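J.: Please find one structure pasted underneath; my questions will follow.
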C-alpha cells in the first residue's frame, strides 16, 4: 500500500511569532536577530525576504538590503519555544508519532493516510494547517511524498502557507531537474566528486549504474544517495533524541601555518555550527574549540557562559579567545567549533550590545592527550554595565506592562523618554504612548503574556519564569 510521509515547516517562524504578537509588525519587513555589530539574522519575514534578506545573514547586510523600512527585533526565544510546543501538540494529536527536526519543522507518517489517494492526503494536510492557524494564528507549509526526502522538498515547494503533494508517478518530475546538492547528504566534498563525473542534477545521479556509484562514492553512502535520487527512501519516521551538542569541523588538505588561516577556519566552523544552532531554536552556554595538529595531537578547550545565547558575536568571540595558533602548537590540520549546554530558555539580556565584553575567559590549562578537554567557566567573571547604560533600563522591542494600558513593547527610548506600543496577539494594532524613563508604573513584562494564551499555559503547566 502507498506510504505517505509528510513534512511540516512553519513559515518564517521567528518573524511570524513577532508579527502574531505585535500586530503593528504585520505586513512589514521584520528581521529577528542580534543588534550588535556582528549580529546575525535569526529569522526574516517574507516581506523582508523579498529584498533578499535571509536567516544566518549578517544583520548589517540584511538591513542594507531591506532599507529604511526594516524592523529589527531582538529574539524572544521563550515565545518561540512556547509557540512550537503548542503547534506540535496539535500535530502529535492528529498524526501520532512525530520526528522533530528543529523548533519549527518535523516529519510525520499518519496511520490514517496509509493507502490514501493524493487528494485525501492534501485534504488531511489542509485540515491540519487550518487547525494550527485557528488555534495559534501561525502559518505553516506541508509537503507529502513516498519518503522523507520528497516530503521535505515538497514542503519547500508549498511555501508559503500551502500544501504540495507528490504522487509516486510524479516524483521524478520533481526530483530529476533539481541540483544534486538538494539531496540529503550531498555536501561540498561529495558534490565536487559528482561534478567531476559530470553529475549536476538528481536525474544525472539516478541515471548512473550501481557499479559506477559504488566505485566513485562507496558501497554505503553512495548507494544511499543513489536510492534517494531514484525516489527510494524507506527511512522510518521516529522520535529523535534531543541533541546535546551542535558542532562543525573541517579537515584541511594542507596544514594551517598562519594565524590568519586559523582565524578563517574558526569563522568557517563557527558560522556553520551557528546556522544549525539557529535552526535548533535553543541557545548554548558552552563553546568549545577543537584542534588536531599535523602530528595527530588533539586539543579541545571550552568555556561556559553564565547564560545560554545564540548571539553569533558572543559565540564567535568566545571561540577566538579559546583558539591556539601554529606558533604555539605547531601546524594544524583540523579546526572545529561546538556549542553545548543547549537550553530552550535563556536569560533575557538587558544589554545585548555588551555580550562580547562579558566573555573574559582565563587561559585554560591544556592537556595535549588525545580526547582530553580542559575547560573554564564564566561564573566568576562578570562585567558590569556602565552607569549610563544601566540607568537607561529600557531597550527597543522589550516587553513591558502598564497597569492602565496593559501589555506592550518598547519602540524606542532616549533623552529621558520611552515610547511604548500597547498590543498583543488578540488586539488590533496598538496605540503608542510616551512615558518618563523612570515612570514607576512602567515595568518589565513576561514576553509570554504577548501570546494571550493564559488558559493553555495553565492547562499545560507553562510559565514564563526561567528555571
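Using N, Cα and C of the backbone, Cβ positions are placed for all residues, glycine too.
Source: prediction; values computed, not measured.
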J.: I'm validating the feature mapping. Which of 406-427, 428-449 is tagged region 'Disordered' in Swiss-Prot?
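T.: Going through 406-427, 428-449 one by one, Swiss-Prot flags 428-449 as region 'Disordered'.
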J.: Quick one: DSSP breakdown of the region 'Disordered' (428-449) into helix, strand and coil?
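T.: Within the region 'Disordered' (428-449) the tally stands at 3 helix, 8 strand, 11 coil.
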J.: Of 104, 105, the recorded positions given in the record, which has the fewest other CB atoms within 10 A of its CB?
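T.: Relative to the other recorded positions in 104, 105, 105 has the fewest Cβ atoms within 10 Å.
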J.: Do you know offhand how many angstrom separate residue 104 (Mg(2+) binding site) and residue 14 (site 'Substrate discrimination') by C-alpha?
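T.: Roughly 9 Å, rounded to the nearest whole number.
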J.: Where residue 9 (Mg(2+) binding site) and residue 105 (active site) are concerned, what is their Cα separation in Å, rounded?
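T.: A Cα-Cα distance of 4 Å.
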J.: Which entry in the list of recorded positions, 9, 14, has its Cβ near the fewest other Cβ atoms, using 10 Å as the limit?
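T.: Output over recorded positions 9, 14: least Cβ neighbours within 10 Å is 9.
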